[in-house]
Amino acid sequence: MKIGVIAIQGAVSEHVDALRRALKERGVEAEVVEIKHKGIVPECSGIVIPGGESTTLCRLLAREGIAEEIKEAAAKGVPILGTCAGLIVIAKEGDRQVEKTGQELLGIMDTRVNRNAFGRQRDSFEAELEVFILDSPFTGVFIRAPGIVSCGPGVKVLSRLEGMIVAAEQGNVLALAFHPELTDDLRIHQYFLDKVLNC
């Protein structure tokens, strides 16, 4: 089994490390691979789209032919986790800023996002979050973070902060406005791993 982390831009090594630690804790044998070009996504049982700069990420995913592969994987039910910029990339609709930059979003989650929901006013901060899938609060690390403004009926809201949706799930797709890979708390990566193992 392979779990792939999109590695063309963004916080890659932290996700790779968190996934490897989560696998070890679960006692599961699997390979965590970095996806830098076309052809790797179809081999993966789970895909992580990390943070970074969403405009650049969208452009590189399209240019490298990875965007279409992710859409196909999502349609087949492969679990996908998008964090921070990844939350923007997987959305169906962006705000005016996203539209202005001409970002081609993957549209695999029925959400409308605000690219700089927590960004301009406070560049980075931590907040204790109540997350529906966890039994105790999770420390969310927010770095110029986006947020989900609205979502379709098939999307389950998992957490809110200041009225903004910061975690959501739609079937096999999980979106987070924060960076779980920047904490020592592996519960969200373990939850994602369970989705991979059960799909």
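Cβ atoms here come from the backbone N, Cα and C positions, even for glycine.
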Out of Arg26, Arg63, Arg115, Arg160, which does Swiss-Prot tie to the same L-glutamine site as Gly52, Glu53, Ser54, Ile143, Arg144? Arg115
Determine, to the nearest whole angstrom, how far the Cα atom of Arg115 (L-glutamine binding site) is from the Cα atom of His179 (active site, charge relay system). 15
Judged by the number of other CB atoms within 10 angstroms, which among Arg115, Arg144, His179 is the least packed of the recorded positions? Arg144
Where Ser54 (L-glutamine binding site) falls in three-state DSSP terms: helix
Please report the number of other Cβ atoms within 10 Å of the Cβ of Glu53 (L-glutamine binding site). 15
